[in-house]
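Per TrEMBL, the features are as follows:
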ACT_SITE  E142  active site
BINDING   C99, H141, H145  Fe cation binding site
Amino acid sequence: MAILPILETPDPRLRTISTPVEAIDDDLQRLIDDMFETMYDAPGIGLAAIQVGVPKRLLVMDLQEPEEEDGPPVRKPMVFINPQILDGSEELSVYQEGCLSVPEQYAEVERPARVRASWMDRDGRIHEEELDGLLATCLQHEMDHLQGVLFIDHLSRLKRDMLLKKLNKARRAA
Ligand code: NI
């Protein structure tokens with residue numbers, strides 16, 4: 001396994017529209033393993049393939065939520081290949097979002113609170129489930145990446161400019 005470099009905004013590759021995965025082969029399995037290692041190392045809770053420069057409709061997530069309140073985080077890796085959102089609730093929810101491609105910057109984004117989604121896992125099994133909470137938000141955030149969209153695109157121009165200014169300031173200080 002390997003830790004892959006994560007593309008950061010304003011890298012134009014992040015604006016690529018990813019294309020469907022056509023075969024779940026050894027190369028894809030290796031990419032999935034590398035994406036998990038990269039995501040855990042960062043650390044983050046979601047990573048789309050395009051964030052490591054691969055324009056395929058593939059993403060990995062692990063909310064790493066503790067099993068009991070205040071307990072240690074428990075790993076529960078999830079792989080989404082060719083995910084689709086079939087339906088979204090009218091009810092919206094707001095989460096403070098961040099992104100490994102927009103390092104250390106966070107902002108509230110409003111999205112459908114629940115989504116019905118379908119996807120293939122790493123064994124090629126098809127899932128169709130209704131997701132809610134952070135899982136629903138994270139999937140929508142990661143699926144945006146497959147369309148070349150970043151969470152900052154959901155903000156007002158004023159908020160986005162402020163956030164990017166802070167990012168540039170942090171980069172200069174580093
Ligand atoms: Ni992201």
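Just so it is clear, glycine is given a Cβ too, placed from its N, Cα and C backbone atoms.
Features recorded in TrEMBL, as mapped to the structure shown.
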residue: C99; record: Fe cation binding site; contacts (Cβ under 8 Å, 6+ apart): Q105, H141, L150, F151, I152
residue: E142; record: active site; contacts (Cβ under 8 Å, 6+ apart): G46, L47, A48, L59, M61, F80
residue: H145; record: Fe cation binding site; contacts (Cβ under 8 Å, 6+ apart): L14, S18, A48, I50, Q51, L59, S101
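Those residues of the chain, other than C99, H141, H145, with a C-beta within 8 angstroms of the mean position of the Fe cation site C-beta atoms are G46, A48, Q51, E97, S101, E142, D144, V149, L150, F151. In the three-state DSSP reading, C99 (Fe cation binding site) counts as strand. Under the three-state DSSP scheme, H145 (Fe cation binding site) falls in the helix class.
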